[in-house]
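Student: According to Swiss-Prot, the region 'Head' annotation covers 1-33. Swiss-Prot lists 33-318 with the feature domain 'IF rod', giving sequence analysis as the kind of evidence. Sequence annotations record features per position, and here Swiss-Prot assigns region 'Coil 1A' to 34-68. Sequence annotations record features per position, and here Swiss-Prot assigns N-acetylalanine to Ala35. Residues annotated as region 'Linker 1' in Swiss-Prot: 69-77. Marked as region 'Coil 1B' by Swiss-Prot: 78-177. According to Swiss-Prot, the feature region 'Linker 12' maps to 178-194. Here Swiss-Prot flags 195-318 as region 'Coil 2'. What Swiss-Prot lists as region 'Tail' is 319-669. The region 'Disordered' feature in Swiss-Prot is assigned to 380-435, 449-468, 505-618. Under the heading compositional bias 'Gly residues', Swiss-Prot lists 408-417. The N-myristoyl glycine feature in Swiss-Prot is assigned to Gly432. Under the heading site 'Interaction with MIP', Swiss-Prot lists Glu457, citing similarity to another entry as support. Sequence annotations record features per position, and here Swiss-Prot assigns compositional bias 'Basic and acidic residues' to 545-570. According to Swiss-Prot, the compositional bias 'Polar residues' annotation covers 583-593.
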Amino acid sequence: MYRRSYVFQARQERYERAQPAGPAAQPGGTAPGLAALQALGERVAVQVQRARALQQRHAGLRRQLDAFQRLGEQPGPEDALARHVEANLQRARDLTAEHARLERQEAEAQRALDEFRSKYENECECQLVLKEMLERLNKEADEALLRNLHLQLEAQFLQADISVAKDRYKKNLLEIQTYITVLQQIVQTAPQVSLVTGMRESGLLMQEKLFTEREVAALQNQLEEGREAVTHLQAQKAELQAQTTALEQAIKHAHECYDEELQLYNEQIENLRKEIEEAERSLERSSYDCRQLAVAQQTLRNELDRYHRIIEIEGSRLSSVFIETPISLITPSHGAPLSLGSSVKDLARAVQDITAAKPRQKALPKSLPKRKEIIAQDKVEETLEDAPLKPPQEPKALQVERKAEGGSQPGAGGGHGVSPTQEGGPEDVPDGGQISKAFGKLCKVVKERVSGHKEPEPEPPTDLFTKGRHVLVTGESSFVDPEFYSSSIPARGGVVISIEEDSMHHDGHVEPSPGQPMPPVENGQGVPQGREGDHSNHQQGTDKNGLRAKEPKDLEEKDDDGKKEAEGSRRPCPVIIPGPDEPSTSHSQTSGSNQGGPVGPASKSSSLLAKGPSKALSIKKVEVVESIEKISTESIQTYEETSVIVETLIGKSKGNKKLGEKSLPDTRA
């Protein structure tokens with residue numbers, strides 16, 4: 001964002017050559033002596049004016065030094081920043097203590113976690129031992145059941161053998177009884193053959209009977225043994241059944257005990273798992289807090305670095321404003337004393353608001369460094385606008401002051417062109433919200449300064465006239481007439497015209513005459529023919545060849561400056577001040593700005609003074625105020641105002657009617 005303000009001060013030359021009675025009455029030999037005397041008087045006046053300017057500069061520098069000392073004594077943003085830094089350091093210490101406490105808690109939690117882990121491992125080992133014992137008991141119970149089943153099968157087999165033996169013995173006993181009965185019947189029915197035969201047969205029968213009895217006794221013994229074996233097996237069976245029931249009861253009781261113990265162990269395991277999870281979550285929270293604390297500590301360090309950089313930037317900016325402020329920026333435009341009280345306080349408050357804002361970390365737009373430069377430039381503009389106007393006391397002095405962003409270079413032709421450079425580095429700047437508030441306050445201060453010094457509009461007298469037309473054409477209109485100037489940038493503004501009437505003094509003290517704005521020049525070649533005709537008519541007794549030699553050079557500088565300003569560079573304002581050989585000509589040109597740039601149309605002006613035989617003079621001031629609405633990248637709505645004051649000196653001759661009425665050249669805005 002560019003901001004330019006052109007303030008022109010001009011001194012009206014004397015009108016000795018334009019008076020017909022003066023040169024006609026003098027003889028031809030005295031003309032060179034009179035010219036030399038006039039040149040000597042002009043040189044003396046210039047030296048006196050320079051001495052007064054140096055005195056004014058010294059006084060202004062002294063006042064500025066006092067103002068800066070008072071501003072340094074007042075509690076500024078450094079104290080607030082120091083308190084903020086102290087608070088941040090205290091907070092960092094608290095965070096460090098909290099970090100140490102969290103580390104201790106983390107160590108305790110880790111120790112508790114290790115204890116819980118060891119307990120959990122011991123419980124797992126006990127559970128494994130109990131599982132092994134239970135498996136072993138289950139195996140023993142299975143083996144006992146298998147042995148019992150085997151014994152039951154053997155008892156069943158023995159019972160079957162016993163029953164089979166009983167049946168066989170019963171059959172044998174029946175057969176023996178049947179055989180005995182048959183033998184008894186035979187003995188009873190058969191005749192006794194002889195005693196010997198009977199004795200033999202009875203002997204045989206007795207033998208068979210004995211043999212049968214022996215067999216029966218043996219069989220009975222075997223039967224008794226089988227019964228005893230059965231009873232023994234039954235006793236073993238009962239014993240085995242009792243052992244089986246006892247084992248079953250023991251197994252059942254062991255299962256119940258183990259189930260209860262397993263349930264208790266499972267509950268303890270669940271509780272330990274929950275505690276471990278809680279400890280892990282607390283550990284994660286602690287680690288997250290530690291990371292947050294580290295990030296906060298780094299952020300605080302970055303903020304401290306940014307605050308230090310902002311303090312250094314503001315200190316260098318104040319020192320650069322104090323050191324690099326030119327004479328024309330400190331000295332009032334018309335010799336009035338400079339007042340820095342209210343503007344310095346308001347600007348200091350606005351700068352304090354800007355520096356107190358929280359800076360961003362990244363992604364700075366390109367327009368912000370330029371806006372930082374505008375703050376320091378607005379300080380200088382407000383000091384110039386606060387200074388009241390005062391008529392000068394010495395003629396033939398031309399000062400052109402240009403406040404822009406560029407380097408300071410002397411103008412062509414021995415003039416003084418001052419262009420302070422205040423550029424801010426691409427450092428971090430405050431955030432958008434607080435910047436908008438601070439710039440709002442700054443805009444209010446500038447608007448109050450601009451609106452507070454507008455002069456009233458007096459009624460124009462009837463016997464005065466002006467030769468030029470002052471028209472500002474905005475919008476989509478375009479005219480070919482060189483008297484009009486069209487702007488393609490939508491602007492809002494106004495034109496204030498005021499006419500002041502005063503009488504010329506014969507002692508050489510005249511009212512200041514403003515500069516005449518030059519028409520737009522294409523490609524830096526030449527000027528319109530109508531303008532050249534006016535120059536030739538109103539510049540009597542001047543060296544035209546010298547002026548023509550300087551005009552193309554100035555126009556080329558103007559075209560080059562216009563091109564360079566479109567690229568973002570800044571050039572000083574070339575100024576031409578008449579020397580001793582050219583007392584009646586002073587020419588000033590300023591570089592034009594690109595219409596497609598961010599600042600809208602800039603003012604082009606030049607001053608050309610001519611002589612006339614007038615006794616009564618008046619000054620017509622045309623103030624053109626342009627307010628261009630711009631939307632920046634951060635959605636901050638700003639208004640840029642460019643004020644151009646063009647003063648036209650209009651004279652009307654009352655003493656001599658032969659040469660007619662003459663006026664100064666046209667002015668164009």
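Even glycines carry a Cβ here, placed using N, Cα and C.
I'd like these features described in context: how deep, what's nearby, how far apart.
Tutor: Taken as a whole, the region 'Head' (1-33) shows an average pLDDT of 47 in this prediction.
Secondary structure at Ala35 (N-acetylalanine), taken from DSSP and collapsed to helix, strand or coil, is helix. Around the Cβ of Ala35 (N-acetylalanine), the number of neighbouring Cβ atoms within 10 Å comes to 15.
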Student: Kindly report the helix/strand/coil residue split of the region 'Coil 1B' (78-177) according to DSSP, in that order.
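Tutor: Summed by class, the stretch gives 100 helix, 0 strand, 0 coil.
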